[in-house]
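Positions annotated as active site, proton donor by TrEMBL: B:E58. According to TrEMBL, the feature Zn(2+) binding site maps to B:H56, B:C86, B:C89. The domain 'CMP/dCMP-type deaminase' feature in TrEMBL is assigned to B:5-115.
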There are 2 protein chains.
Amino acid sequence: MINPFTDEYFMKKALHEAEMAFEKGEIPVGALIVIDNKVIARGHNLTEMLVDVTAHAEMQAITAAANFLGGKYLIGCTLYVTLEPCQMCAGALYWSQISKIVYGASDENRGFVKMGTQLHPKTTVVKGVLANEASELMKRFFIERRK
Amino acid sequence: MINPFTDEYFMKKALHEAEMAFEKGEIPVGALIVIDNKVIARGHNLTEMLVDVTAHAEMQAITAAANFLGGKYLIGCTLYVTLEPCQMCAGALYWSQISKIVYGASDENRGFVKMGTQLHPKTTVVKGVLANEASELMKRFFIERRK
């Protein structure tokens, strides 16, 4: 039996969230939180619409997942996000003790790796999943915004 | 003329917010955002009540201040917070481009200084304002919680 629930499978759904951000004129980043192959939270960047620097896709997904679980710790959960998390989001993920983070495109300037933000010691990280799709979407967004 | 609007003046109000968190059984941290000597946002830690690791005092104050200003950048604003911000909150403050951060007690374990979180280059920092009051409140909280 083929397991359909691969990292790519869920990242495609996160990319769909990123496209929703794009359509709203937001920097296109999407996120998803999954437990036992079940999607329990979705989010996309809404910093412009909500006029709030904290409204990153990951932050919304973290809040929604905790809401769903009825507990603030995301142990056993995986975050899928199209772009490498920033300091703020990585800091929130640290507090959440999330088990796994899967991200698409790297953010060489403001991503948590370059910034040196610490994750929880129990969190594992997978990077580069559908990275080309995520960065193409970002590039398309910035080209259109310049017009 | 004596200027009543000192850092201590506003930090006392942030301590009042921290006391409100204490009364709710939350780790007692309070925050305030001020522009032109006017308080435009208040917040206190609500991570337990909201079941949300992102509900730190600073995060709520950042969102509320942007809401008040109708813009997401907090240029010209000062944050007063009773405890040194963590990675998440410092990361949010980075995005906000806030002009000044004044904090009370240092957090040697999880504060942004130890963690190496970057603030915006235009942000200035003042530390140790009413630090004893803030750390006494924290100590009292953890003693009571252990009972």
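The backbone N, Cα and C atoms fix where each Cβ goes, glycine too.
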Point to revise | Fewest-neighbour residue among binding-site residues, criterion Cβ within 10 Å, set B:C86, B:C89 | key: B:C86
Revision key, fill the gap. For B:E58 (active site, proton donor), the same-chain residues 6+ apart in sequence with C-beta under 8 angstroms from its C-beta are B:A31, B:G43, B:L79, B:V81, B:P85, B:C89, B:A92, B:L93
**Study point:** Neighbour tally for B:H56 (Zn(2+) binding site), based on other Cβ positions within 10 Å of its Cβ
**Key:** 28
Review point. What three-state secondary structure does DSSP assign to B:E58 (active site, proton donor)?
Key: helix
